[in-house]
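Heads up: the structure comes next, in structure tokens.
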């Protein structure tokens, strides 16, 4: 779809929401809008796309009380602003948007969370991504290192570079708009997405990318949308298997889940963001005992997060149930760098090759 | 043996005064801070009791003056009947001297320890005598005494006694000086406030180091003074029975009928038969085991409850509410007085009240006010049966949150009125747990809880309606403006929504660029005549239509329009102004109208 077509579609969909309200009010109906319920209880596995999407449950937001009315008022102001932005061919960041609402009186946002959520609501209703509203994410994407040649359309023209030869130690930084990115060629067997910077550096230092033909992707904690889109694109267009390497604690499993299954917050875009084929490589709770890794005790929050995961449909597999129950029994967690206790090369020489061959990746 | 003789030399009896001198805490004199409150409490209790007996409206003055670094002079003066001069030294200078100990009726004081204990405390800490002035009537002169207590013998020592002139025609004044501090000043004021709440017929003036507070009375009716009654057969113990039997000259049946309440000939015969005694036996000739049998029989036979109306003096629902409202600003208040009932032969009545909102702190535990025989209980809240009952009630089902005690802007008051309030100790801080009393307290709190719940749900419903009205009359029009702008169509009219949803008379005020618009829409199905009041600083000289009446008070204009609107009709007034002030619509019942000030 061309940029013009995309703009027209986004504008039409946004104005469509307002038109719905206009008609409701003209007919003497208190304006309302329906949205899927955005909780983990309302995400369902979609067989066709192999990702988790919102289910059937819907909630209605109506202007029948002050809170609901203010909510719709804010949404109306937001739609008005985005429409104007599309008309004038301008763009803004989420943060700027939050500040712009300063002059909206009753429709002013109380915090940026609120405007972010409203944008997500609009993405869900219009089935158009926020980028189409000319909204730029300000979270920076993470970085890539490995045998991959890319072509990026930047504001200063088209650039082509190799993610091993043409970049420094930090790797190639993933841009915000992945649509401007093209993979030219590669010499890799798989992609390994890594939660922490320490482990990313360890793999690079040990030459893991060259030895095993790996593309290293640093997730920087919970990955940004652009990072997740790149992983999906590497898997989709290059057919490379993706493995996810995180710490061995409940929060890290959620990082894996958002890569592989899609996140609850952005379940409406799972098809673009999630990589259903992504596999979890570790740290598995069983590794903690198998390799006798140094560990910390689980905190109260860790335990309740693990218990919450047991009721999360995305973790409803035998593998995860076994691992999570095992961890609840052991009551400990380990970081991915705990492997260093067995020597600096242990992770690249022993652990990863063994796991990768077990998983059939190498 | 020598040892025993040595020991015997050291063994001697101790007087009650000596005992309490060493055990001040038993009477509430554990610390200098507490001493001041206890002293005032005892003196005020006596003053109120005396006024009630004489059926005069209590007018009580409490003075606290710092005399020296650590010494305070406490003065309590009342307009009671006064005390005859012969008795003054005994009342104030002898522990366990009093008029109420042998009587069965509701009264604040019982054993006659309190005020003389304060005198004792004074001479212990400063060595100064207590000064008492009392006058029994207009015809008598006032008598002034300076008194101390001989602790070894528990007898009063009159330091001086003279007749003086006094501007009061009757009453008693006591001045005591002792070592203390005013650290608990707030508590003291609280105590006086609480006393005023449960004695709504009393005026209490407090002068604390020059700072004067008056707790005004809310009623000028003196509560009837409780009459003493005969002991109830179920409330008597063996020792007491033996003593009154020994002092009696009649036969057993005469004794039972004449010395106990609610015992008639038939009941007496039943008791005597059960005790296997001859009715004609002289009661003072009965053997111990016969008395024991008689006591068992007395307690086995069913006897109606003692005559509570006569011996108790509950405050009453109306006066409890008035008393509380006068001292504490509340949004809601409800009081209940339970019917009288009985434990172990002692009559009691539970009264309680629940207050909500207003100036009560919204956070933390609900305030609990405990009272026994119109006296506030200040200390040992945790040990008190009343507190225990409050936490037993499931307040969550009545709309209050609860963590043991209920929390939130609530106030719970419980008053136990009894011929014999079961305290946990002599300092009378906490009510002991007696199942019969606890049952009554829980019941009354549940009754009040239901009242609170219905108030809260009414309030919530009203809030919800207001919320809805605000949304529909103020925010939806703004949505309409924005939405019309986005879709590039003429402004959509939202009055159909208003009419459909509200089905009421809707009055709206909105100020725009110095123009005040007031709209009234009749969305009901019938004609209404309303009166619109708009109070603001705007003179509205250019109002169209002109107000029917304008009232100017100190630069505030109350503009009044009167109008009749048919079903579905609308009315509007516009004038130049700032649009502050308020809007009120009258002549329409509350449930049928919505007034929205869109400028707020």
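Glycine residues also receive a Cβ, built from the backbone N, Cα and C atoms like all the rest.
When other Cβ atoms within 10 Å of the Cβ of residue A:99 (active site, O-(5'-phospho-DNA)-tyrosine intermediate) are tallied across all protein chains shown, the result is 13. The active site, O-(5'-phospho-DNA)-tyrosine intermediate annotation in TrEMBL covers A:99.
Summarising the annotation, TrEMBL assigns Mg(2+) binding site to A:195, A:247. Under the DSSP three-state reduction, residue A:247 (Mg(2+) binding site) is assigned to coil, being neither helix nor strand.
Under the heading domain 'Spo11/DNA topoisomerase VI subunit A N-terminal', TrEMBL lists A:72-134. Averaged across the domain 'Spo11/DNA topoisomerase VI subunit A N-terminal' (A:72-134), pLDDT for the predicted model comes to 90.
Annotation source TrEMBL lists domain 'Type II DNA topoisomerase VI subunit A all-beta' at A:138-187. Per DSSP, the secondary structure of the domain 'Type II DNA topoisomerase VI subunit A all-beta' (A:138-187) breaks down as 3 helix, 24 strand, 23 coil.
As annotated by TrEMBL, domain 'Topoisomerase 6 subunit A/Spo11 TOPRIM' applies to A:190-356.
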Sparsest Cβ surroundings (other CB atoms within 10 Å) among the binding-site residues A:195, A:247: A:247
The domain 'Spo11/DNA topoisomerase VI subunit A N-terminal' (A:72-134): DSSP-derived helix, strand, coil residue counts: 48 helix, 2 strand, 13 coil
Cα distance (Å, whole number) from residue A:99 (active site, O-(5'-phospho-DNA)-tyrosine intermediate) to residue A:247 (Mg(2+) binding site): 36
Pairwise CA distance, residue A:195 (Mg(2+) binding site) versus residue A:99 (active site, O-(5'-phospho-DNA)-tyrosine intermediate), rounded so that it is a whole Å: 32
